[in-house]
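Noted in TrEMBL for the protein shown:
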ACT_SITE  Glu97  active site, proton donor
BINDING   Asn84, Val85, Glu86, Asn87, Ala88, Ser89, Tyr90  substrate binding site
BINDING   Cys95, Cys128, Cys131  Zn(2+) binding site
DOMAIN    30-170  domain 'CMP/dCMP-type deaminase'
Amino acid sequence: MAPLPSPPLHASSDAAVVAATCAAHGLSLSEFAALRSAAVAAKNVAYCPYSRFRVGAALLPADNDNSSSSSSGDGAPAVIKGCNVENASYPVGMCAERVGFGAAAAQGVTRFKALAVATDISPPASPCGMCRQAIREFCMSDMPIIMFDKNEDYVVLTVEEILPMSFGPDQLPPAGAPGT
């Protein structure tokens, strides 16, 4: 089987490309900048003494979610951060994306407009399979996932593109349905 083509890597320094990305995914330039900044900041504090593979994530709550505030106080959109947290017992470690979703859920936020992930490699790493399933739990299929590389250049894919034919809450029978 032939390998799938890689999605294009976009330069964050190209204002026209960033503007086109924002327009295509319903984001403002300030939301894009806040996602990039928060994902990189989270990556910089990742606890990864074993793999030394730093990952940061930033979640932008949906406009109508029940988050406690709509901005960070400085005019930038509020984002929720997560970083990977490793453990000497390797399976106990947590990925940045799932740490971010846990932090968001603890704040009562369960719907999102966008997710950004930052790594130290180029092209950027995409979320692992377990994180893709966590993304599917909380995010609409057309939500963008923006993956930043070591230079803050990026690839953007939707949830549907990164996890086609996904299994999610809508596949489960409703409460009280036969067999439940």
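Here the Cβ of each residue, glycine as well, is placed from N, Cα and C on the backbone.
Comparing local CB density within 10 A for the binding-site residues Ala88, Cys128, Cys131, the maximum falls on Cys131. When averaged over the domain 'CMP/dCMP-type deaminase' (30-170), pLDDT in the model lands at 93. Between the CA atoms of Ser89 (substrate binding site) and Cys95 (Zn(2+) binding site) there is a gap of 14 Å, rounded to the nearest whole number.
Across the range of the domain 'CMP/dCMP-type deaminase' (30-170), the DSSP-based residue counts are 45 helix, 34 strand, 62 coil. Per Cα geometry, Asn84 is the residue among the binding-site residues Asn84, Asn87, Ala88 nearest to Glu97 (active site, proton donor). In this structure the C-alpha atoms belonging to Cys131 (Zn(2+) binding site) and Asn84 (substrate binding site) are separated by 11 Å. Those same-chain residues not listed among Asn84, Val85, Glu86, Asn87, Ala88, Ser89, Tyr90 yet with C-beta within 8 angstroms of the centroid of the substrate site C-beta atoms are Tyr47, Tyr50, Val92, Gly93, Met94.
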